[in-house]
Amino acid sequence: MEVCYQLPVLPLDRPVPKHVLSRRGAISFSSSSSLFGGPDPRKLSQRRGGISYDSSDQTALYIRMLDVRIRSRVGFEPEPRSSHPYLLVDFRLLHYRPGRAGPVSARGVRRLLSFQRYRHPSRSACRQPNRSQLCVLDQDYAGQAKCMLERAGSWSFDIFLFDRLTNGNSLVTLTAHLFNHYGLIELFQLDMVKLHRFLVMIQEDYRRQNPYHNAVHAADVTQAMYCYLQEPKLVSSLTSFDILLGLLAAATHDLDHPGVNQPFLVKTQHYLAALYQNSSVLENHHWRSAVGLLRQSGLLDHLPAEDRQSLERRLGSLILATDINRQNEYLSQFRSHLDRGDLNLENSAHRHLILQMALKCADICNPCRPWELSKQWSERVTQEFFQQGDVEKKHNLEVSPFCDSQSNTIADIQTGFMSYVVEPLFSEWARFSNTQLSRAMLRHLDLNKAHWTDEMDPKTHPQGNQGS
Ligand SMILES: [Zn+2]
């Protein structure tokens with residue numbers, strides 16, 4: 001939602017910082033902003049937004065509301081975005097017409113698509129007035145979060161703590177920091193207000209009710225991506241465009257994830273499965289959602305059309321590479337290059353492959369983190385699997401692999417995942433990268449696997465284990 005105001009009664013009462021004065025630009029404010037010298041600043045106490053101004057005389061031109069979480073006195077409402085599978089899955093269809101499980105008709109897809117931007121009750125519930133979220137962060141917390149950002153390239157970075165210190169804004173804060181760190185705002189002449197608005201929209205389009213696939217996971221993947229972008233081979237070869245793309249892909253790679261997997265969407269005849277013909281359904285949706293937000297924010301509107309198209313295309317190619325079902329395809333391509341020793345990072349196609357592999361690693365790096373972090377992620381992902389399994393049982397659907405809380409445990413899910421998915425990928429990455437970080441990741445992987453194996457051992461745990 002974007003609302004523009006003329007500003008006869010809202011003079012800026014502090015100078016605009018010099019670094020943003022260099023161009024006609026904008027600044028963002030939070031609910032506590034001291035920028036307003038108006039008679040009743042409380043009127044703005046529940047909003048966030050930004051001010052665009054004329055750089056020559058600092059006259060404010062208009063305010064944009066960015067993230068209005070509650071209905072305010074002047075009647076703003078949050079703009080509901082995105083869909084939810086439980087809203088759109090017609091379980092009656094499954095129960096009463098079992099013989100007609102074919103794809104939904106084109107008309108059905110159109111009808112369902114029209115619901116895509118409808119409000120979902122559980123999401124609205126998340127947006128009920130929650131004053132604690134609107135309160136100004138304690139200065140100590142803000143200070144600690146800032147301190148943590150100085151170590152944003154550390155492999156033991158605690159994203160859960162960072163998320164708490166930023167009041168649930170880890171994705172926005174971290175991504176904005178990295179854009180600043182790489183000078184992408186200056187390089188690509190990005191409008192600060194549009195960038196902030198875009199990042200807030202991304203964060204909001206992740207679903208808080210998902211135990212795993214939420215904005216904290218996206219922030220974690222973005223942080224891991226940053227660690228990989230710091231690796232010597234990448235530092236010396238990647239262009240700014242590659243870095244912009246890598247960060248965008250990491251931040252958006254699971255956008256609007258419904259908290260269930262592709263087989264669930266297929267068997268419940270969800271419109272997304274029909275739309276993407278049962279192939280990389282989620283990844284296609286994440287990509288399209290990301291492109292939608294990019295265009296909606298207007299962040300790149302000033303770039304030449306061919307650059308925007310190229311970025312959108314490459315963003316899709318990166319996000320689609322995170323489809324775990326296609327891991328072997330990417331891995332064998334990567335392995336062949338390593339065997340032949342012919343990776344040439346001056347070649348843009350090769351750099352793109354490396355970015356794909358880096359994003360794949362970042363996406364499933366949880367088992368390669370220090371145990372305390374890794375364990376939390378394992379618990380969260382298992383919780384999400386079991387929630388899906390419970391819904392499947394409730395509706396007499398076949399329970400998907402790893403989703404049955406009666407027959408699976410965190411330990412057996414994790415050891416299988418580590419052995420068959422994570423280890424092969426990170427071994428090849430270590431062959432390519434061969435740095436302290438790549439070796440540390442393999443070391444953590446070994447230790448974490450030993451932890452879970454130990455939990456599965458009937459001698460050490462005679463009662464057996466149940467996932468949370
Ligand atoms: Zn992911």
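Every residue gets a Cβ built from N, Cα and C, even glycine.
Per TrEMBL, the candidate among D301, D307, D363 that belongs to the AMP site alongside H213, N214, A215, V216, H217, D254, Q414 is D363. The Cβ of V216 (AMP binding site) lies under 8 Å from the Cβ of I159, F160, D163, S170, L171, each of which sits 6+ residues away along the same chain. Between the CA atoms of H217 (AMP binding site) and H253 (Zn(2+) 1 binding site) there is a gap of 10 Å. Per-residue pLDDT, averaged across the domain 'PDEase' (137-459), gives 96. When every Cα pair among H213, N214, A215, V216, H217, D254, D363, Q414 is compared, the largest distance found for this AMP site is 22 Å.
Fewest other C-beta atoms within 10 angstroms, among the recorded positions H213, H253, are seen around H213. Within 10 Å of H213 (active site, proton donor), as judged by C-alpha distances, the binding-site residues found are D254; the full candidate list was D254, D363, Q414.
Measuring Cα to Cα from H253 (Zn(2+) 1 binding site), the binding-site residues that fall within 10 Å are D363, out of N214, D363, Q414.
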